[in-house]
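Among the features that TrEMBL reports, signal peptide is placed at 1-17. Residues or ranges marked as motif 'Cysteine switch' in TrEMBL: 84-91. The Zn(2+) 2 binding site annotation in TrEMBL covers 86, 218. Residues or ranges marked as domain 'Peptidase metallopeptidase' in TrEMBL: 99-246. What TrEMBL records for 118, 193, 195 is Ca(2+) 1 binding site. Marked as Ca(2+) 2 binding site by TrEMBL: 152, 186, 188. Summarising the annotation, TrEMBL assigns Zn(2+) 1 binding site to 162, 164, 177, 190. The Ca(2+) 3 binding site feature in TrEMBL is assigned to 169, 170, 192, 195.
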C-alpha cells in the first residue's frame with residue numbers, strides 16, 4: 001500500500017532516478033550524495049523531462065525556494081536540503097497516491113488511539129481537530145471524532161516497527177506517514193513517538209498541529225485538484241494555528257487560519 005512520508009528519510013516508491021553528469025569540481029562525494037538523494041526524492045524527473053543535468057536540477061530547486069540560482073550546492077542550498085520537511089515531491093504534476101484514490105463518502109470518522117507523552121492529551125485532541133478543520137473548511141469532507149468502534153481514520157503515535165510494514169527511524173528522521181484512503185489501514189495516520197512533539201513556541205519542525213495538517217491534508221486532498229506539498233519551516237506567533245503554511249489551499253493566501 002502506498003503511503004505518505006513526512007520529513008522523508010525513506011525514498012518514496014514513486015521517486016525516479018536521473019542521470020548524473022561528471023561530478024562538478026570542488027564537490028565532495030558526501031555533497032554529491034546529499035544532492036542526488038534529495039533531488040531524487042523531492043524533484044524527481046517526470047516523463048516529459050527524461051534527461052536533465054544535476055546543475056539544472058539544483059537550479060530548479062533553488063528557484064522553487066527563492067534562493068540565489070547558481071546550480072551549485074552552496075551553504076544556502078545545503079541548509080534547505082537538510083531541514084525536516086514533508087516527504088511529497090515539489091515538482092508539479094506529481095501524484096501523492098498513484099491512481100488518485102478518493103474517499104467514497106464525505107462524512108468521515110476519526111479516532112485517536114493513543115497519545116504522545118510530550119504533550120497534554122487536551123492539546124493533542126485540539127491539534128488534530130484543528131488540523132482536520134483546515135481541510136473541512138476547503139473540501140466537502142466532514143470529520144467527526146469517535147472514541148470507540150470503527151473509524152475511517154485511525155491516528156496513533158508509534159515507535160520503530162509498529163505493525164504496518166513501514167517502521168519509523170527514530171528521532172530526527174521521518175516524522176509521520178499516512179495511508180491512502182481505503183479499507184483496513186487506509187486513511188490511517190501514524191506519528192513517530194521518538195520525535196519530540198511540540199506546541200507552537202517550541203521546536204518548530206515538530207509542531208504537531210502543522211504536521212497533522214499536512215499528513216491529514218494529503219488524505220483530504222484526494223477530493224481536491226491540489227494541496228499542500230511542502231512545508232519548509234513551521235512558524236507561529238500565537239496559538240491560533242497560524243503557523244500552518246498551506247500554499248495551495250483554494251481560497252487561501254498561503255496560510256491556513258483557524259479560530260481558537
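Don't overthink the numbers, they just go from 1 along the chain as shown.
The backbone N, Cα and C atoms fix where each Cβ goes, and this holds for glycine too.
Structure coloured by features recorded in TrEMBL.
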{"residue": "118", "record": "Ca(2+) 1 binding site", "Cβ neighbours (10 Å)": "18"}
{"residue": "152", "record": "Ca(2+) 2 binding site", "Cβ neighbours (10 Å)": "21"}
{"residue": "164", "record": "Zn(2+) 1 binding site", "Cβ neighbours (10 Å)": "16"}
{"residue": "170", "record": "Ca(2+) 3 binding site", "Cβ neighbours (10 Å)": "13"}
{"residue": "177", "record": "Zn(2+) 1 binding site", "Cβ neighbours (10 Å)": "22"}
{"residue": "186", "record": "Ca(2+) 2 binding site", "Cβ neighbours (10 Å)": "17"}
{"residue": "188", "record": "Ca(2+) 2 binding site", "Cβ neighbours (10 Å)": "23"}
{"residue": "190", "record": "Zn(2+) 1 binding site", "Cβ neighbours (10 Å)": "23"}
{"residue": "192", "record": "Ca(2+) 3 binding site", "Cβ neighbours (10 Å)": "28"}
{"residue": "193", "record": "Ca(2+) 1 binding site", "Cβ neighbours (10 Å)": "20"}
Mean pLDDT over the domain 'Peptidase metallopeptidase' (99-246): what is the value?
-> 76
By Cα-Cα distance, the member of binding-site residues 118, 170, 186, 192, 195 nearest residue 177 (Zn(2+) 1 binding site) | 192
Which of the binding-site residues listed here (152, 162, 164, 170, 186) have a Cα atom within 10 Å of the Cα of residue 193 (Ca(2+) 1 binding site)?
-> 170
Site of maximum Cβ density within 10 Å, from binding-site residues 169, 195 = 195
For residue 118 (Ca(2+) 1 binding site), what is the secondary structure by DSSP, using just helix, strand and coil?
-> coil
Among 164, 169, 192, 195, which are recorded as binding-site residues, the nearest neighbour of residue 186 (Ca(2+) 2 binding site) by Cα = 164
Same-chain neighbours of the Ca(2+) 1 site, Cβ within 8 Å of the mean position of the Cβ atoms of 118, 193, 195 and not counting those residues, run in sequence order as 116, 117, 157, 171, 191, 192, 194, 196, 197, 206
Measuring CA to CA, name the entry from the binding-site residues 118, 152, 170, 192 that ends up nearest residue 164 (Zn(2+) 1 binding site).
-> 192
Could you state the whole-number distance in Å separating the C-alpha atoms of residue 152 (Ca(2+) 2 binding site) and residue 190 (Zn(2+) 1 binding site)?
-> 14
Which binding-site residues sit within 10 Å of residue 170 (Ca(2+) 3 binding site) - Cα, from 162, 188, 195 | 195
